[in-house]
Structure formats: structure tokens, C-alpha cells
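Below is one structure, written out as C-alpha cells, with a few remarks after it.
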Amino acid sequence: YNYIIMKINNLNINSPLGSVGVLVWFQLLCVPVVAGVLGATHAEIEHHLEMGRKLLAAGQLAEALSHYHSAVDGDSKNYLTFYKRAAVFLAMGRSKSALPDLSRAIQLKPDFLAARLQRGNILLKQGLTQEARDDFQAVLQRSPDHEEAREQLVRATELEELQEEAHATYHRGDYSTTLLFQISPWDPESRELRADCYIRMGDPRKAIQDLTPTTRLRNDNRAAFLKLGRLHYDLGEHHESLSHVRECLRLDQDDKECFSLYKQVKKLSKQLDSAEELIQEERYQDAIDKYESATKTEPSVQFYTNLATERICFCLVKLKRVVEAIDTCSEAHQRDPHNANILRDRAEAYILNQDYEKAVEDYQEAREFNSDSIEIKEGLERAQKLLKISRKRDYYKILGVSRVANKQEIIKAYRKLAQQWHPDNFQVESEKKEAEKKFIEIASAKEVLTNPELREKFDAGEDPLDPENQQGGGGGHQGWPFHFDPFGSGGSFHFKFEHN
């Protein structure tokens, strides 16, 4: 074609050929070219149709569709080509794309009953009962004995009556009855009606199930994306909410309602994600601050307040701020009584507070809600061991220090008690024996709690100085492993014992 244009441009209309000569010259050049193109196109169309048929039979729908596209582009007057492409669209679940092809096939061949019947079936599934009835009646006019068309016409009439009744019960506020009516699977209006009923009845999950398909069944369905964004947001699913709101803005970036929700969800989502990242980095105080900011960003939705309280409880336990942890975990438990993680965290706070009975109770309750958790199972076993040990000997209580006390605090408490209970301070024999017993306990506590390895064992629910926990015998005083001799070392003090 470029060659033809060049030739025409090179001709002078005022030349002896004149304008007629130019036209003749153009025709002479074009005829063989156009003829060649048309010949090649016809052969190619046949090739595409054959390939489309084979690929469709093989289930390779995307490849078949590509060939049918080429066939339609090559010959837009062949009703069968449009019908075949519609069949591929339907096989791919793209009924909306199939409808224009079926309509074009009917336009090219009005008595093409298969296309009318197929279009009527699609329209019926879309809830367009009147249009569906028109197609079924058109089939019956040309083929009065067509059984499928007759059955579908009856179904279309029944569905139309059900739709009217469903809308009537909805407007009367009888939402539970409205949900009983059958809906057309591809009818966005019926799904939106059902979704609204579920919302009004307090079942947002089912509302989401009905609303989600409508985003594909309607073009530019920003209202559905916005509603889905709000439903997911209220359920605490901020990532899903953000995804739907972004789809709304993709359809119209100037949509005010979607943009307003987008800003809110994005801010809160960023805060919550950041808080969890801080926990992973063991920056617990920063995580607490971030969760407190999140509750200010969204103070109205209960889920986010509950989540923040639960995670702050966890962070306080990790920071070993025992009193705050117990109070916050208790508040979180009141908000969400069946949350096993909250009970687990409060149990750990009780252990830090040396309240082992309550720790066992919380772990037992947590296991009722999550019996598969290995962490909770092991935590319960540890709390039960600590409770058993505490009834025998609790080294923290002996020295009067907390479970989070550091080595310096432990030694300070030990020195004070060692001076107080040194046997030389007592003259009466019975008092002296009681002081010796007490002094041994104090020295034992100091021995365990200032030794990282022994302290770790004790914190795990094992008494490292209990002979029952040892294998084989040991030297030193009978019953004291690791050659521990409270009278031999005396810690930082050297005491003289006089025995009669």
C-alpha cells in the first residue's frame, strides 16, 4: 500500500493522464494486491476455524479463543463464527462476553434457534426474566414443540414471580424470609438484595459471599467494592479491605467515598503491620506505642481495640512488667473470653508473679480452646511443675525476690537474710536448729538463682537441688548435688559454727 501511495503522489494530476488517468493507475495497482489479500484472508479464516475447533475439543480454551478472534476479525458476516466464539466464552465462564456474540449471530440469522435458546438461558441466569422470555417465545414461535424452550419459559415466569415476592418481603423488613427465595446465580441485583439482608441480620460473612461475585457481574461496580471494603474493615480484615478499596479507586480515582475509606484503612493497616514487625524485632515498647496509636486511629471498631489490648498484653509479659501485664491481659480476656493466646500470656504473667495456681488455671482453660497447641501444652506442664516445686521449695520466695530479679538484687537479698538467720545469732538450741534450717534454704536459693544454668532449670519447673531430679550420687553433703555445701562456702561471708 505504501508503494501505491508513493506512485500516486508522483503523478501530476495536470499531466496528460489527468485525474481519470490517476484513478485508472490506482485501480491497476490495487486490484492484484487486494485480490491477493482477500485470497490469503479466506484461507487463514478456514485455518483459524479448524484450529479453534481442535483446541476447543482438547480443552485448550484460551488458545481456541485466540483463533476464533482471528476468524471473526477476518469475516464479520459469518453467524456460525460468532456462535462458536460464544461457546468458547461460555466454556471459560465468561457469559457476559458470550452475549454480544450470540446477539450478533441472531442479528445475522434471525431464525438461528440454538443461539436464541442459549441467549435466553444466559439472560435467565442473570435474572433478566422478561428478555429471557422473549427469546424462549421466539424459539417456540418457530418450533412449537421445542421442549427445552417450553420448560425454560415456565421457569422464567416462576422466577419473575419469586423476584417480585422477594422484593415485597424485603420492603416489609422480613429479611429472613427474603433469604429463602431462590436467586439467579448471575443476577447481581438478587445477590445485592441477599447481601443487604445478611448485613441487617448481623451476618457479614455471608454478605461478603454474595457481594463478591457482583463485582464481576456488574461493570464499574464501585458500590460493591466500597461495601466489601467496609465489611472486611469492620471484621478486622484490613488487608482485604484495602484491596477492595483500591479496586474501587482503580475504576474511578476521584470517587470521594472510596478515597476517604482508603486513607483510613491505609493508615490503620500501616500501623498494625508496623507493630507486628516491631514485635518480631523484639522492640516491645515501640510495638506497644504503635498499637496505642492504632486505637486512636480507629477507636470505634471493637476488633482493633481487642487486638491492640491482646498484643499489648503480650508485649508487657515479654518486658516482664508483671503488674501491668496481669491487668492488661485481664482486660483483654474480658473483651475476648475464648482467646487462648490471651490466657497463655496471662498465665506467663502469673508465673512471673509466682502465682502458679492461677497460671495453671489459665493454661488449662487455654487448652480447652486450643487443644492442638504444643506451646500451650508445654506451658501447662511447666506451670504444674512450678506449682509442685513451690509447695516444696520456692527459691524466689525464700529470698523474697521476684522472678525477674537480677543477680545483684538476689545477692543483696541473700546477704540481708544470711545475716538475719545466721545460727550464731540464736542461743536457744531449738531456735538455733530452726535458724540452721532457714540458713541452708537461703544459701540454696542463692546457689540456684545466681547460677544461670541452675536458674534456667528452676524456671523451667525443675528443682536442680532436688535429689529426685539427679541421676546417680554426688559428693559433699548427702542430698546436695553439684557438691553444694552451704556451710562450706557461706557465700560472701565466713561464719564460724560452734557445735556442742
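From the backbone N, Cα and C atoms, a Cβ is placed for every residue, glycine too.
As recorded in TrEMBL:
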type     : residues : note
TRANSMEM : 20-41    : transmembrane segment
REPEAT   : 79-112   : repeat 'TPR'
REPEAT   : 113-146  : repeat 'TPR'
REPEAT   : 222-255  : repeat 'TPR'
REPEAT   : 340-373  : repeat 'TPR'
DOMAIN   : 394-462  : domain 'J'
REGION   : 458-481  : region 'Disordered'
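Beyond its flanks by at least six residues, the repeat 'TPR' (222-255) meets 188, 192, 195, 199, 204-205, 207-208, 211-212, 214-215, 261-262, 264-266, 268-269, 272, 301, 303-304, 307 of its own chain at Cβ-Cβ distances under 8 Å. Nonlocal intrachain contacts for the repeat 'TPR' (113-146), taken as residues 6+ away from its ends with a CB within less than 8 angstroms of a stretch CB, comprise 79, 83, 86, 90, 95, 98-99, 102-103, 105-106, 152-153, 155-157, 159-160, 163, 183-190, 217. Taken together, the residues in the repeat 'TPR' (113-146) have a mean pLDDT of 95 on the 0 to 100 scale.
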